[in-house]
Amino acid sequence: MSAVLFFFLQNTLEQCSVCAKPIMERILRATGKAYHPHCFTCVMCHRSLDGIPFTVDAGGNIHCIEDFHKKFAPRCSVCKEPIMPAPGQEETIRIVALDRDFHVQCYRCEDCGGLLSEGDNQGCYPLDGHILCKTCNSARIQALTAKASTDL
């Protein structure tokens, strides 16, 4: 092949959106752009996303689903971990109370530690910004009432 023909072919081939080199073999198309399959990677873990589900953030950065959830999922106000689907799942349950986010297992009474999402203590009875079960809420109200009556 002559140098002129090679130069012509190289200039007519699509260029990879990441490395800007011509794509000589298989083209991976995503987000309206062309990539070498090995150049199409997650911005966080750099794993190849060829044939793997991915998503794009508001800035146009490409993420594997797991890293997208790790970066953008709401954080539990108790354990500080992201609230994200279990491996192999697409959805999860997030509890929001008093403008705070909770995992189902972290949504507990601040006084007795009872789980508020199920069982006899189900439900949140907030008091002064505290997440409480009905029993502990009643006990705090009684204590506040008793203190108020002795202060008179």
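Each residue, glycine too, has its Cβ placed from N, Cα and C.
TrEMBL: automatically predicted annotations, no manual curation.
Quick look at what TrEMBL annotates:
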type: DOMAIN; residues: 14-74; note: domain 'LIM zinc-binding'
type: DOMAIN; residues: 75-143; note: domain 'LIM zinc-binding'
PLDDT averaged over every residue in the domain 'LIM zinc-binding' (14-74): 92
Counts of helix, strand and coil residues, the domain 'LIM zinc-binding' (75-143), according to DSSP: 13 helix, 12 strand, 44 coil
The domain 'LIM zinc-binding' (14-74) - residue tally per DSSP class, helix then strand then coil: 11 helix, 16 strand, 34 coil
